[in-house]
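Colleague: Let me give you the structure first, and then I'll get to my questions.
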Amino acid sequence: MGIQGGSVLFGLLLALAVFCHSGHSLQCYNCPNPTTNCKTAINCSSGFDTCLIARAGLQVYNQCWKFANCNFNDISTLLKESELQYFCCKEDLCNEQLENGGTSLSEKTVLLLVTPLLAAAWCLHP
């Protein structure tokens with residue numbers, strides 16, 4: 001196979017890698033009825049690209065969600081809760097509740113929060 005044939009093969013493989021996916025869907029804990037210890041994991045349906053954990057007082061909701069709808073208005077409307085805290089994440093089973101009642105933050109999320117602060121501190125340092 002010459003250089004041209006190798007380039008065509010490489011292009012074809014690259015196109016397949018970009019346009020085909022393995023079929024892996026996001027896994028989230030899913031307990032749409034409030035519970036304090038959700039352990040039911042499901043594969044999210046197509047179009048649901050985010051895991052959600054929402055807390056309204058003692059009520060805790062875990063489910064698959066759409067990232068585009070990860071905002072207070074959409075979540076509070078669907079759950080019919082006027083005051084709540086929520087967290088959306090995009091890794092498998094990332095919407096698990098911690099023992100102390102908090103939500104687990106992934107290492108990447110923490111890094112995304114801390115990095116700009118460190119950069120700002122570095123720039124402001126005389």
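Backbone N, Cα and C atoms are what each Cβ position is placed from, and that goes for glycine too.
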Colleague: Which one, C44, C51, C70, is listed by Swiss-Prot as the other cysteine in the disulfide with C64?
Modeller: C44
Colleague: Can you sort out which of C38, C51, C70 is the disulfide partner Swiss-Prot gives for C28?
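Modeller: Between C28 and one of C38, C51, C70, Swiss-Prot records a disulfide, namely with C51.
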Colleague: Between C20, C31, work out which one Swiss-Prot annotates as bonded to C38 by a disulfide.
Modeller: C31
Colleague: Counting Cβ atoms within 10 Å across all protein chains shown, which of the disulfide-bonded residues C64, C70 comes out on top?
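Modeller: Going through C64, C70 one by one, the largest Cβ count within 10 Å is at C64.
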Colleague: Can you check what DSSP calls C88 (disulfide bond), collapsed to helix, strand or coil?
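Modeller: SS state of C88 (disulfide bond) = strand.
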Colleague: Would you report the average pLDDT that the model assigns to the domain 'UPAR/Ly6' (26-106)?
Modeller: 89
Colleague: Looking at the recorded positions C28, C38, N43, C70, C94, which has the shortest Cα distance to C64 (disulfide bond)?
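Modeller: Smallest Cα separation from C64 (disulfide bond) among C28, C38, N43, C70, C94: C28.
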Colleague: So, in DSSP terms, is C31 (disulfide bond) helix, strand, or coil?
Modeller: strand
